[in-house]
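**Student:** In case it helps, TrEMBL gives these features for our protein:
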CARBOHYD  B:Arg152  N-linked glycosylation site
SITE      B:Arg152  site 'Required for activity'
SITE      B:Arg159  site 'Required for activity'
Amino acid sequence: MSNRCPPSLLSLAIDATLYNFHNISSDLSFLPEHILIDLFLRTLKAGKLTPRILKLFLATGKEEILSMIQALNIQLVLTPVLPTTSVKDNEVDIVIGAFRSDLTSFMEEWRPIFSRFHIIVVKDPDLKELKIPEGFDVRVYTESDIVKVVGSSKASLFSGYSSRYFGYLVSNRKYIISIDDDCSPAKTQNGELVDIVAQHLNNLKTPATPFFFNTLYDPYQKGSDFVRGYPFSLRSGVPCALSCGLWLNLADYDAPTQALKPDMRNTRYIDAVMTVPLKSMMPMSGVNIAFDRELVGPAMIPALKLAKEGKVRWETMEDVWCGLVVKTVCDHLKLGVKSGTPYVWRNEKGSAIDSLKKEWEGVKLMEDVLPFFETLRLSPLAVTAEECVVEIAAAVKERLGSAHTSTAETMVEWVKLWKAVRS
Amino acid sequence: MSIPATVVTPPLADQLDIVIPTIRNLDFLEQWRPFFQPYHLIIVQDGDPSRTVRVPEGFDYELYNRNDINRILGPKSSCISFKDSACRCFGFLVSKKKYIFTIDDDCFVAKDPSGQEINALAQHIHNLLTPATPFFFNTLYDPYREGADFVRGYPFSLREGVTTAISHGLWLNIPDYDAPTQLVKPRERNTRYVDLVMTIPKQTLFPMCGMNLGFHRELIGPAMYFGLMGDGQPIGRYDDMWAGWCAKVICDHLSLGVKTGLPYIWHSKASNPFVNLKKEYKGIYWQEDIIPFFQNVTLPKECTTPQKCYIELSKLVKEKLGPIDPYFEKLSDAMVTWIDAWDELNPSTDSAAAATVKVEPSKPK
C-alpha cells in the first residue's frame with residue numbers, strides 16, 4: 001500500500017513556480033541557494049529549461065548553480081541574426097577579375113562572407129601569376145581557358161576590366177556578385193561587417209518599383225512600406241535584375257573630381273536602397289554589383305573598351321556603358337534596378353592625377369552617348385535580354401557613328417557567345 | 001557667451017514665409033522657436049472662424065481665418081478648401097516672399113542619430129539654394145552635399161544642374177501611410193534615419209507630402225494648388241498628392257528640380273485610420289487613372305510660365321479625367337480660379353495695373 005507523505009509547503013511552492021515560470025521574469029537571487037538548486041533540478045526534470053529561464057538562473061550568480069550548469073554542459077544557444085532572405089549557397093557565384101597577382105589579403109578579408117560560396121576568379125591575361133589562399137571553393141580561369149571557350153580571336157574581349165565578364169559567361173548560377181579586387185568589407189555604424197552577399201541578394205529577391213517613386217525608398221525593407229498616394233496597382237512591383245552597391249572611403253569618382261579633391265573620402269553610410277526609376281539613366285559602377293544572370297546576363301556586356309584603358313577605375317568606362325545598356329534593357333523588359341546598400345570599403349589605388357594626364361576619352365564619350373540612350377526605343381518584338389541587346393547594337397551602329405562600330409559588333413558577338421556557351 | 005560683432009542673420013530671413021494651416025492650436029511652435037522665430041509666419045486658420053487661435057508670444061505673423069479668405073478672394077474663395085489642411089495654399093497665395101516653407105501643427109523637431117536637434121528649415125533652404133540633377137541619376141545622391149560629389153560616368157555637361165523648385169522632407173515616428181496600410185500596420189513607426197537628399201529624376205512621379213515642404217514660390221508657386229478637399233467634397237487626403245503630381249509635371253517641363261529626403265521632422269499624431277479610409281476611399285480608385293494621366297501629359301512648348309502650364313493642365317484634367325467623375329470638372333474649374341486669384345494677388349512686375357485687392361489679415365502683425 002502506498003502511503004505517500006503529503007507534499008511539503010516548499011515542494012508545493014516549487015511546483016507553483018514551475019507552473020508559472022512563463023510569467024516570472026524577476027531576479028531569482030533572493031532565493032536561498034538550496035531552494036534555487038532544487039528549483040533548477042526540477043525545471044530540468046520537467047523539461048522547462050528554456051533560454052530565458054536559463055538566463056534567469058545564470059543571473060543569480062550563485063556558484064553552485066553556475067558549476068552545475070557547467071558540469072551538465074548546458075549552453076546558451078545564441079540565435080544567429082539571419083538575413084531577411086535565406087541565401088542558398090548553390091544559387092550564387094562570386095566573380096572576381098584579378099588584377100593583383102597576390103589575392104591572399106583580399107580573400108582573407110572576405111573569408112567570413114565569401115567562404116560559403118563558389119568563387120570564379122578570372123586572371124587578367126597581363127598577370128604573370130596568381131596566388132589564392134586555401135579554404136575556398138574557387139575556380140580560376142586563365143587566358144588559355146578563355147581561348148579554349150571562345151577562341152583566340154575573341155579572347156581579347158576579356159582583358160583588363162573586362163576579364164570578369166568571362167566569369168559571367170561560364171557561370172551557371174542564378175545570381176552573380178562581382179566586386180573589384182581592391183575592396184574590403186565595410187563596417188556598419190555598429191561595427192559589424194557588411195555582408196554584401198546577403199544584402200545584394202535581398203535586393204535582388206525583393207521586387208523593385210520603377211514606375212512610381214516611393215519617398216520612403218525601398219518599401220520591401222523591414223520597417224518601410226509604400227507611402228500614402230502610392231498607387232495600389234503598382235505595389236506588387238517587378239523583379240529586380242540588378243543591384244548596384246556603393247563604396248565607403250574611396251568613392252567611385254572620376255579622375256578630374258578626385259584630382260581636384262584629393263582628400264575627399266566618402267564617410268557617410270546611408271542606410272537605404274532604392275529602385276532607380278523608369279527611364280532614368282544612371283552610371284553603373286562595376287566596383288560592387290550583383291545581378292540575376294538568368295534575367296539580364298546577356299545584357300552585361302564588355303562592349304566598350306577605351307583605347308587607353310588602364311588598371312584603375314579612373315581609366316575605364318566599360319561598366320558605365322554596360323550599365324546604360326542594362327538599364328535600357330530592364331526598362332524595356334519591365335525589370336528593376338536598385339541602387340544603394342550594400343557598401344564595400346574601397347582601398348586606395350592609383351593616382352587620380354596620373355590618370356588625368358592620359359587622354360580621358362571616357363568623359364567625352366558620355367556626352368555623346370547620353371542623348372542616344374535617352375531617345376532609344378526598343379521594339380515590342382524584343383522580349384528577351386538577347387533580343388534587346390541585338391536591337392541596341394543595331395541602333396548603336398546606325399546612330400553613333402564609326403567610332404562605335406566595334407562596340408556594336410562586340411555586342412552582337414557577345415550575344416552569339418552567350419548563346420553558344422549555353423548550348 | 002560671446003556676442004558676434006555683426007548680427008548673424010539667419011539665411012533668407014526676409015525672403016521666406018512659413019505657412020502653417022491649423023484647426024487646433026499652435027503650441028508646437030514653442031519647440032520650433034529657436035529655428036522659426038527669425039521668420040515671418042502665415043497662419044491659415046481652418047474651421048470655425050469665431051475661434052481664437054493663440055499664437056505664442058514673440059512670433060511675427062499674420063493670421064487668416066475663413067472670413068478673411070472669403071473677404072479677400074470674394075467669389076474666388078470657392079477654390080480654397082474648407083475643413084482640410086488643403087486650405088494652406090491660401091497662405092502661398094497671399095505671401096509676398098520668394099520661398100515658402102510649410103509644416104503641419106503636429107510636426108515637431110526631430111533628432112538625428114547623434115542626438116542633435118534637426119533644423120529642418122535650414123536644411124530645406126540648403127536644398128533649395130543648391131542645384132538639382134534630374135537628368136541623370138547620381139548614385140551618391142545629392143552631389144552638392146558636403147562630402148559627396150558626382151560619380152564617375154556622370155556627364156560633365158549635366159553637372160551644373162538646374163534650379164531646385166521643391167524640397168520635400170520626410171518624417172520620423174508616425175509614417176505617412178494611407179488608411180489601408182495604417183489599418184494593417186497600426187504600430188509601425190519610421191525609425192530609420194536615411195542620411196540623404198536626392199533629386200527625383202525627370203519623368204518620375206512621386207507622392208508629395210505637404211507636412212514638411214519647402215518650395216520656390218516664384219518658380220512653382222502657381223502649381224502648388226492643393227485642390228478641392230474636405231467639407232462638401234467627395235475626397236480628402238489627396239490635396240498634397242494632387243499638388244505634387246501637377247507640380248512635378250510642370251517642373252519637368254520647365255527644367256526645374258525636385259529634391260526629397262532630408263530634413264526629417266518628428267510626426268507625432270496618428271490620425272484615425274477609419275476616418276482616413278472614408279476620406280481616401282475614392283482617391284484610392286481614382287489614382288489608378290490619375291497616375292497614367294500625369295505620366296502621359298505633355299505640355300506644349302508655348303507654356304513657358306507655371307501659370308500657363310497650370311491652365312493647360314486644367315484643360316487636360318477636364319478633358320481626360322472629367323469622364324471619371326464630375327468632381328474633376330469642378331476641380332478643373334477650381335484650378336483656373338486659383339490661377340486667376342494668383343495673378344490678381346501677384347501681379348507681374350511689368351504689368352501696368354497694381355493689385356486691386358488689398359490683402360489684410362484679420363489679426364494684425
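Residue numbering: from 1, along the chain as shown.
Glycine is no exception: its Cβ is also placed from the backbone N, Cα and C atoms.
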**Student:** Using C-alpha atoms only, work out the spacing between the residue listed as 'N-linked glycosylation site' and B:Arg159 (site 'Required for activity') and round it to an integer in Å.
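**Tutor:** With distance taken Cα to Cα, B:Arg159 (site 'Required for activity') is 12 Å from the residue listed as 'N-linked glycosylation site'.
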**Student:** Indicate the candidate from B:Arg152, B:Arg159 with the smallest number of other Cβ atoms within 10 Å of its Cβ, considering only these recorded positions.
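**Tutor:** Across B:Arg152, B:Arg159, these recorded positions, the one with fewest Cβ atoms within 10 Å is B:Arg159.
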**Student:** Does DSSP give B:Arg159 (site 'Required for activity') helix, strand or coil?
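**Tutor:** For B:Arg159 (site 'Required for activity') - judged by DSSP and reduced to three states - the answer is coil.
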